C-alpha cells in the first residue's frame, strides 16, 4: 500500500510540475501574442530555455522562407565536409570576376571587385558573420550544391528544413525563395542540437568556429539584439528578403541568447508576408527577444 501511495505522490507531483510549466509558458505566449496583435504579417516563433526546458511555439505549421538564415545550415554542411577531410579551413579558393554577380549583397565583392583568393575559413566568415551572398554560393559549389546540404540535414534527422535554391537563383525569381523554408521549431532544434553538439555533429574546432562567427554576426542589430543590454552575447543569423508589391516575404533572426545568469535562450523568429515597414518588422523581433529576456531573467 505504501508503494502505491508513493507512486501516486510521484505522479501527482509530475502532473502539477507539467501544469505549472505549461502555465508559465502560456504566460510568456500571451505576452508575445500581444506584440503580434494587429500586425499585418504572418509571424512564427519558437523559444526554448536551457534551464527551464520550457518550449514555446507560435505558427509552427507554416513554412517560413528563410532567406539568409539558410547560411547557418549551409555552413554546418561545409564544416561537416571539413571534419571528414574532404575540405580544409586553409584550402584556398579562387574567386573570379565572373563569380562577383551584380546587384547582390556581398562584402567580398565590395572589397575585391576584381576577384581574389580566399581560404574556406575566410569565405565561411564572410558568409555567416556578414551574410555574403556570393560567399554562400561559392561554398555551395564546393560541396555539390543544395542537395548536399539537404542530405546533411536528413542524415542528422533535421526535418522541416528545405534548401533547394542558391542565392543567384533566388535573385532571379521572387517565388524561388519559398523553396528555402523552415518551421520555427525545426530551426530551433538545429540551433539546440548544434550548440549541444548532439552525437558529435561537429569536431571541436568546427564547433568553436561556427559559434564564433555566429557571435560575430554584423547584420540585424535591430532584431534579436535590438533591445537587449549592450554587452549581451547573442550568436545569431539573420535573413531578409526584398519587397514586392508592398510585401516583405521575410524578416528573420534566429540564434542563442545568453542571460546574465548563464541560462541560454534558443530563439527563432520569422516575420513573413509582411505589409508593415521594415522598422516595424525588426521591432517585432526585438520586442519578442526583450519580453523573453525579461521573462526568464525575472522568474
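Cβ atoms here come from the backbone N, Cα and C positions, even for glycine.
The signal peptide feature in Swiss-Prot is assigned to 1-23.
The active site, nucleophile annotation in Swiss-Prot covers 68, and the record cites similarity to another entry as its basis. Sequence-distant contacts (6 or more apart, same chain, Cβ under 8 Å) of residue 68 (active site, nucleophile) comprise 131, 133, 136, 219, 237, 238, 239, 240.
Feature annotation from Swiss-Prot assigns beta-lactam binding site to 71, 131, 167; the stated evidence is similarity to another entry. Every protein chain shown contributes to the tally, and the Cβ of residue 71 (beta-lactam binding site) ends up with 26 other Cβ atoms within 10 Å.
Feature annotation from Swiss-Prot assigns active site, proton acceptor to 167. According to DSSP, residue 167 (beta-lactam binding site) is assigned to a helical segment.
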71, 131, 167 excluded, remaining Cβ within 8 Å of their centroid (beta-lactam): 67, 68, 70, 74, 105, 127, 132, 133, 135, 136, 239
Assigned element (helix, strand, coil) containing residue 131 (beta-lactam binding site), judged by DSSP: coil
Neighbourhood of residue 167 (beta-lactam binding site), C-beta criterion under 8 angstroms, separation at least six: 104, 133, 134, 136, 137
Number of other Cβ atoms within 10 Å of the Cβ of residue 131 (beta-lactam binding site) across all protein chains: 25
Residues 71, 131, 167 [recorded beta-lactam binders]: greatest CA to CA distance in Å: 11
